[in-house]
Amino acid sequence: MATTKTSIATLQKMKREGTKISSLTAYDSSFAKLMTEQGVDFILVGDSLGNVVQGRDSTVPVTVDDMIYHTQCVRRGASNAFVIADMPFMTYSTPEQAYDVAAALMQAGANMVKLEGGHWLVETIEGLKTRGIPVCAHLGLLPQSVNVLGGYKVQGKEQQQADDTLNQALALEQAGAQLLVLECVPASLGKRITEQLSIPTIGIGAGADTDGQILVMHDMLGMNSDYLPKFAKDFLAQGGSLADAFRLYSEQVRSGEFPTAEHSYK
């Protein structure tokens, strides 16, 4: 059971020491409590709740009130956990809007907020940092931009796009981001970015060389019998119970057993 409160300093220390970071999404108190007890290092209250909780076909309809409610639920269940909350679609289109939404999520129990996007977020991230709000950046596949991207596709496969993603990662780190999620990029790009950043990188479909891994809880529990993303694994089938599934996930991320090349993109 997690008895010591995790902080961003904990995650930064893990990167320096080469200890892999395990993280999962959660949306309620019971699952947040259980996964924290089984060694998961931090929790993301993801706007993926639009898909897996609300049954929508994207994250776009998720509201700030939705995120506040689920962040409060997660915090009640996991008082010592490091909790990151997603900022919903079009709630950080200006720095001033971002400050208000981020403050509400922090007051709901988040330790950090996550924003999707690249260079255009530099001013916003600088402003959030100045105001004492820690930021997790998110590059690669951006679910909130799925309509622009034309679907859920691997990003950064072409050299120019890969170089641009790296440059954006460096700019966001310089602006003050303290964590970076990389989603659905080639494993080689995940490794390249991780080696050049001083902040921890958390991959989802970004290969085994990022500083940590994150999965949507429903994916790693195999809850969608019709579809399992390439980058996911059904840990419940292997573990046999929810507690063992979370424990196995944390252990296999830590040991490097997960993810394998099978779960990665070229």
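Here the Cβ of each residue, glycine as well, is placed from N, Cα and C on the backbone.
For the 3-methyl-2-oxobutanoate site, Swiss-Prot lists Asp47, Ser48, Lys114; matching the candidates Asp28, Asp86, Asp163, Asp164 against that entry yields Asp86. Comparing Asp86 (3-methyl-2-oxobutanoate binding site) with Glu116 (Mg(2+) binding site), their Cα atoms are 9 Å apart once rounded. Sequence-distant contacts of Lys114 (3-methyl-2-oxobutanoate binding site), defined as residues of its own chain at least six apart whose C-beta falls under 8 angstroms from its C-beta, comprise Leu44, Ile84, Ala85, Asp86, Met87, Val135, Cys136, Ala137, His138, Val181.
A distance of 11 Å separates the Cα atom of Glu183 (active site, proton acceptor) from that of Glu116 (Mg(2+) binding site).
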